[in-house]
Amino acid sequence: MANGRMSMYSVASEGLGGPRAGQQPSQFSTTTLLNAIHNIYLSSQPFKLDAGTSLVVNTWLTASQTGPDGRTGGTIDAALGARAWEHARRRAEDGCIVLGSLHTSCPSLLTPFLSSLPLSLPSSLYKSLEAIQPFLRCSTPYNPSTPRQIALGVTLTLNLTGSLRGAAIALSQGGIDSTKGLLNIPVEAGYRAFDVFYYLLTSASTPAEREFLGLKSASSYALLAKSGTYEPPSYLPTADDAAAADDFRSALKDIGIKGSAHRNLISTLAGLLKLGDTLDYNLDEDVFDEICEDVSGLLGMDPETLATQCTTEDRATLVGGLYEALVDWVISKANEAISAQMVRIRDGTESIGGGGARTPTSNGEDDTVCITILDIPDPTLGKALAMRGVFDDTLGINSEMIADGVEVSAAGSTVVREMQAAIGEVGHELGIMTSATGRDRQHALEKREEVLEKIGHSADEDAFLKKLLFPITGQGIDLGRAGRLDLSSLLSSSRVWYHLSIHPTDDSPASLAALPSINSAWSAGTVSRQLRSWRLPEWANRRNKNLDFTADFDIDEFVQRYALLGCKDGREGIETWILERGWTNGEVVVGKERVWVRESAWWEAESMLDMKPLDSNLPGMGNVMAVNNLESGYSANGSGYFPTPMLDTTPNGSRDHLIAHQRNFSQGNLSQHTLAHNAAMRAPSVAPSGMRNVQAGDYGLGTKGDTFKGQVFYNNEGEFVGQMDPEIADGKHVEEKTMDKDRRIWVAIVWFWTFWIPSPLLSFVGRMKRPDVRMAWREKLTLVWFIVLINAAIVFWIVAFGKILCPNFDKAWNAKEVAYHTGENDFYVSFRGGVYDISKFWKIQHSDTAIETTKENMMPFAGLNMDDYFPPPLPLVCPGLGIAPTTTLQYNNTPEYVIGIHKSGILADDRTSALGATDWYSTKLLPKMREFYKGDLVWDKAFINSDGQNNDHMWVIYNGGVYDLTNYFKTLKVFQRVDSVNFLNADIVSAIESNPGEDVTDSWDEIVKTAANNATENASVQNSLNCIKNLFYVGIPDFRYSARCQTNNYIMLAMTIILCSVILVKFLAALQFGSKRRPAPQDKFVICQVPAYTEGEDSLRKALDSLTALQYDNKRKLICVICDGIIVGAGNDRPTPKIVLDILGVDPKVDPPALPFKSVGTGSEQLNYGKVYSGLYEFEGNVVPYLVVVKCGKESEQTKSKPGNRGKRDSQILLMSFLNRVHHRAPMSPLELEMFHQINNIIGVDPELYEYLMMVDADTCVREDSLNRLVSACANDAKIAGICGETGLQNDDKSWWTMIQVYEYFISHNLAKAFESLFGSVTCLPGCFTMYRLRTVDKGKPLIIADGVIRDYAVCDVDTLHKKNLLSLGEDRYLTTLMTKYFPSMKYKFIPDAYCQTAAPESWSVLLSQRRRWINSTIHNLFELMKLKEMCGFCCFSMRFVVFIDLFGTIILPATTIYLGYMIYLAASSTGQFPIISIIMLAAVYGLQALIFILKRQWQHIGWMIIYIMAFPIYSFALPIYSFWNQDNFSWGNTRIVIGEKGNKQLVAVDDEGFDPRSIPLQRWDDYAMANNLPGRRGGYMEKADMGYDDQYEMDEIRSVYSSVRQGSVLTGMNRNNTYMPPQSPAPFGHMVRASGAASPYHHDQAMANRQSMASLGTHDINRGQTPFQDFPSSRPSVSNLRGQANPSPGLGANRSQSALGLNRPHAAAQSTSSFDFQRGNMQGPDDSMIIEAIQGVLREVDLDTVTKKQVRALVEQRLQTGLVGERRTFMDRQIDNELANM
């Protein structure tokens, strides 16, 4: 017989065993039972009637609330399910749990009870129940969800380890009560038919579906219209058929009913509704025939069969039978879905709950047992079944007990008669067909079979109807038998457990909603009636007295099972053993052939059996469950991990109680309990061993990845196989989260911009099935749209905005500007107020005279005004003024080049040439010139005025034109105003003479207006104005200096000044002349964190070697490598953690335990496990301590390709959280306790001493002096919170893609970061090479380890696009942003002297991915920066605002590229004004950059700059565009899916078992160390006194409780005589509250002998070792001795402060003030001797010639780590004077 026994740490606790026999009440009465029921009802707890029966009280209201155990669905007894599970797997016997209802108003508990079982059930099971329930339930006045099935069972098949192997759903043979649920619904209000019909008719149906099915309103169907109730009860808070219909359709789809199957289903349902209309005897014949046609079309059968071969009774029978057959079909599809998922789970391709873990295999794979959870909603049937099992002594186990000689008191005759009456009512459901009800039932079934067979044969051959009625080809109607449960057979072959539900009142369910609380409804009479009806008092008395045996054995079987516990053979041996155990005859009864055991005694024996290996000499906890090949003693499932939240939730069986129970044998207490007996079991491992076999030589990490060379598929030995579906997962429940205001606003904006894109389009065309993915796409589109708008706005502003404000700005020239265009291809002239480009004309021979068009003749005219060279014939341009053809004007200025004068008409010099034509000017010249027109000639308005007023320049402005009549007035003067030349209107001439240089528009308009009344005068005025416009027009006033035209220029000028200033400041910031200063060696403690992921061995070795070789005190730096999961990188032949451990020289046989800690993840991913290794690493003579943390993941992750992987951010948080807890002395997780132990006791440095955290990537090499330079900069400026150095490339010439990055890396640091650093605002401290200060210097306030920083940085639900880009792509930049947010007054600096080299992407794809992360994280960090109150300052006058503007350039990179292209086009095509300013700025940018590396003599960067400029379009256009569009390109997890956001709520579908913080036990270090006798306690406890012991305190003896292995790597051959000194408290006065060594009650218990040192890394400072701050007051020299003792005896402390690794332990004198414990304060404060010694120490170290007394006082207080006030300060001042006087 297979033994299903697990460990003592399984589901069972003392609550499972139950009370012993003597602990039950002697007698139950109705009153005592009623009181007990009332009490448990008020507390929402179950009541244990006997070992196999539990009572609960439920209403629909309690079922809709979350109970004390965190579950919804009502009160249930999870312990009952746990007991049934334990019995099934341990006893290899089938079980049946009957869920009975004592009242028709009781809600169904099937689903919540299933969820409480200690099993991970497949998600498809819950989906199946969700799909089936609408077919079985309907609303009634007494129950909003009344089940109409006779019984519904869920059978779970288990192997003998208790693991699930299969599941199936089945109705009982009684089927469904379709009469009450469909055919004959009561006519009173409140009754409805089965819910599925209302779901069919809701708006959830598509229009096409409704049209195809011919659906109408519910009131139109006879079956549904009887009661007039069509809506669900309004008192239900979630009553909505449409929403329920959506869930129902989704559930159908999930179990495979989709496509044609779904169409067949809804067609059948619609056909049944219509068929119900034919049951009316008064139906019109035509309507009847039409309905039959419709129904036959929907069902696929002959309409004649319905119309002529079926009576009304037959059709009613058909409705009920066909509906039941349809439900059977749905259940069969559900079982197929469950079976398919279980196959996938067994194959390892899918997890049992969608979370990644598959069911582990075991030796009991072939032996299975079944547990059936049987839901019986009918109180009558439930009562008959239960009373038959309890009171009938002629059947079942009762008769077996009596036959075996067990004394059983007979049930009372009244009870027996009532039992028989109850059975008689429902005998046909129990297979009793001899009664009247049985015969009636048999007849009805035969009639149904006949009708169904007739209809089935008339159905079309391929019709769905035929498949429903004949599911097995070749067999007849088998409805009610195939796939059904036989209740009688099931109950007789199983151990039966009863879970009975009571309803507290007969009041209507609607009235419960108005009650003040969910437990207010109570009617003692109602409850009493239910108790008496089921005879529960008699039940309890009978079972507890005689029949409460839950286990029975054959005699030999009992001996065989408990032989290990001392049970001897034979009946006498058993009885003797029972007496030895102290059990009474009532607890264990030895019958004739069998042994009958009560639950408490059975469980006690099983627990002792589980504990038995603890007393044997088996090799460790791994064999506690050797029977099942499970290896851990920590878990409830043998997983090797802490218990999971699936346990008993009763007061005596709660999960917390279980953990408390286990605490007696686990963790620290287990170590104390067993260390004396078995050294091998000193520290139980919690390594994840349940899924794989860890062999020696694997570092305890298993063989995963060792032989697969980077492939992502693994074999079936617990390894990953195939691909997981990243999008679809089942079994989710929905959480509701409140969205903050910013998110709500953003969501509204997103929908405003993208509402026009329908979600179905994204779902089906874009293949975005998930709502959160679609929302991210919408957010991406909105952001891209904004970015496009911003870029377009920038380009528009630069290129077009000015043109819109001033359209012709670039089409206007003044005379001086025209004169600039004098080139052969830039030949401009002005003529008659216009500017012309005749570059293509002047070279042409355009003269028909002897004059040749040569360069010498033409070039002098370039840039000139040509008005005087082309005098027009006056009658031609001034018609109507009576001008003679020979009249000409006298020119005020004589043309310089006579050869260019072109007189035409009668005045032409050569009348035979083309110029001789009278109209040459108007028909030849002017049209030709228009071809070369460029714009207007403009004149400065002020110049026009001053020249007219002061120089008699006779020009005026009229209607926006400038008219120069100087030549006209010169002619009048020369000819003394004779009529022949005085042809203009006198009034107009007078206005000009009176207002030279002014605007005469008003005066001329007045003249025109006055002349309008006189035709002659009007003609004169109009002709004069026409003449002036044709002859004297010289241009327009210069509009380019107007406010409208200058606004944009001034804006651009201001921006240009800002940009030029930034460029100049960047340049100056990068200039650092002179030799590099060599800072003094620093002595601060630094942690060098190296996150490792998939790097190769070469990269890792270079990084670790470079850190080891740093020119820094080896004892004061710690290399902390955090391996992010057990992952095989591309090109590697084994996982990264193994590569790291191999490089560090860790012994492969080392197998530390896997310890739990909280990770950054969603749901259950927050629980992670890690292994800790420590030791010393040597490189080139440098020996440095290291700490390696390998995140190995939960047991369920071991089948995945990346167990333990949570990302780089999690690796950072792991260390930051640890240091935070160290700082606050807060409770730590087991992993953190182990880290503390390794650092404090093994490496030998109190973790609180570390002041800096340097983050270095695993592919980065740091230059030797870099760390010292970083620490020195921080030491010189206490305001620095973060600092970084310059990063260069180590693979600069590997490919074209690395080459284009060289110059960018150089300039981004030496310009961008240097500029930001000037203002202490470096916006991105790169994770590859950055150092953070842990605490402020003055007050010890945490910085990078502050609660706020860690809280915001450790966000787990990264479920929006913004969070993804912040936390998944730009961790380093966001961490800097958080630091800026929380500590705006601190500085974030860059120093170029600290240098490192990293590996740049060598391929385009990797570069693309990297820049996508960088660019998108920059964009999203901008939004975070904008939220900072200190960002802009007053009126934006803030340097951080300038830095923000600099970052803003990332968004407008495409616009920059477009504008550069536009400028190149302008310069090349000469189509516009040459962008001289832009060209100058570009030259300045790159010129200053070039000047930087030229001055720094970095000549190679000249070539790199050229390459970078060639690649500029890639950097500034291709990469940003790609990045912007791929902001939503993520691997979206499927455990938490945001399915909707509306208002201030966010709905999240959670497909995960969730994270229970209680799964990670937390404990303070001091409590942990005290409990496990570890050294290094920090305060409040007596530390190890300095006592000499002969034996040595070995390394193995100071392991933590979690450590069962030696340290990772050691250096042997060192001095073995170093005395161990426990780590002192970082609080300098912690020893004041401790007893001295002589008086301590722990003096002997905690005294520790000397122990072997692993390595000795230097000499011990004797003076420092005797500082008064050490924790050995009993051995501290007296004050009098201190004054004269320059060199204390070595025997007083030399070498005793070394750690397990031989590192000299630093004392308080070497501590930074930042390590002071500000929570505990100064305790009692320093005494006189301490102040004196501090003064002496300061005076020995300072320069007495330069130091002041104030400085000495400050140094003393710093050394004491406290401020002295009052008498203490007076004493210090006096003592300083005394010491100085004695020197």
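Going from the start of the chain as shown, residues are counted 1 onward.
Even glycines carry a Cβ here, placed using N, Cα and C.
Quick look at what Swiss-Prot annotates:
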{"type": "CARBOHYD", "residues": "Asn159", "note": "N-linked glycosylation site"}
{"type": "CARBOHYD", "residues": "Asn637", "note": "N-linked glycosylation site"}
{"type": "CARBOHYD", "residues": "Asn652", "note": "N-linked glycosylation site"}
{"type": "CARBOHYD", "residues": "Asn664", "note": "N-linked glycosylation site"}
{"type": "CARBOHYD", "residues": "Asn669", "note": "N-linked glycosylation site"}
{"type": "TRANSMEM", "residues": "745-765", "note": "transmembrane segment"}
{"type": "TRANSMEM", "residues": "781-801", "note": "transmembrane segment"}
{"type": "CARBOHYD", "residues": "Asn1014", "note": "N-linked glycosylation site"}
{"type": "CARBOHYD", "residues": "Asn1018", "note": "N-linked glycosylation site"}
{"type": "TRANSMEM", "residues": "1051-1071", "note": "transmembrane segment"}
{"type": "CARBOHYD", "residues": "Asn1416", "note": "N-linked glycosylation site"}
{"type": "TRANSMEM", "residues": "1441-1461", "note": "transmembrane segment"}
{"type": "TRANSMEM", "residues": "1474-1494", "note": "transmembrane segment"}
{"type": "TRANSMEM", "residues": "1502-1522", "note": "transmembrane segment"}
{"type": "CARBOHYD", "residues": "Asn1529", "note": "N-linked glycosylation site"}
{"type": "CARBOHYD", "residues": "Asn1617", "note": "N-linked glycosylation site"}
{"type": "REGION", "residues": "1659-1724", "note": "region 'Disordered'"}
{"type": "COMPBIAS", "residues": "1664-1688", "note": "compositional bias 'Polar residues'"}
{"type": "CARBOHYD", "residues": "Asn1695", "note": "N-linked glycosylation site"}
{"type": "DOMAIN", "residues": "1725-1781", "note": "domain 'DEK-C'"}
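Overlay of Swiss-Prot feature records on the structure.
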{"residue": "Asn159", "record": "N-linked glycosylation site", "Cβ neighbours (10 Å)": "23"}
{"residue": "Asn1014", "record": "N-linked glycosylation site", "Cβ neighbours (10 Å)": "11"}
{"residue": "Asn1018", "record": "N-linked glycosylation site", "Cβ neighbours (10 Å)": "14"}
{"residue": "Asn1416", "record": "N-linked glycosylation site", "Cβ neighbours (10 Å)": "27"}
{"residue": "Asn1529", "record": "N-linked glycosylation site", "Cβ neighbours (10 Å)": "15"}
Intrachain neighbours beyond the transmembrane segment (745-765), with Cβ under 8 angstroms and 6 or more residues off its ends: 739, 771, 774-775, 777-779, 781-782, 785, 1362, 1541
Coarse DSSP state, helix versus strand versus coil, of Asn159 (N-linked glycosylation site): strand
Alpha-carbon spacing, Asn1018 (N-linked glycosylation site) to Asn1416 (N-linked glycosylation site), which is rounded to whole Å: 73
Asn1529 (N-linked glycosylation site) versus Asn1014 (N-linked glycosylation site) - Cα distance in angstrom: 82
Within the domain 'DEK-C' (1725-1781), residues counted as helix, strand or coil by DSSP: 41 helix, 0 strand, 16 coil
Asn1416 (N-linked glycosylation site): secondary structure state under DSSP, collapsed to three categories: helix
For the transmembrane segment (781-801), distant same-chain residues with Cβ under 8 A (at least six beyond the ends): 749-750, 753-754, 757, 1048, 1052, 1361, 1419, 1451-1452, 1454-1455, 1458-1459, 1462, 1524-1525, 1527
Averaged pLDDT, computed only over the residues in the domain 'DEK-C' (1725-1781): 84
Nearest-integer angstrom distance between the alpha carbons (Cα) of Asn159 (N-linked glycosylation site) and Asn1529 (N-linked glycosylation site): 43
Coarse DSSP state, helix versus strand versus coil, of Asn1014 (N-linked glycosylation site): coil
Asn1529 (N-linked glycosylation site): secondary structure state under DSSP, collapsed to three categories: coil
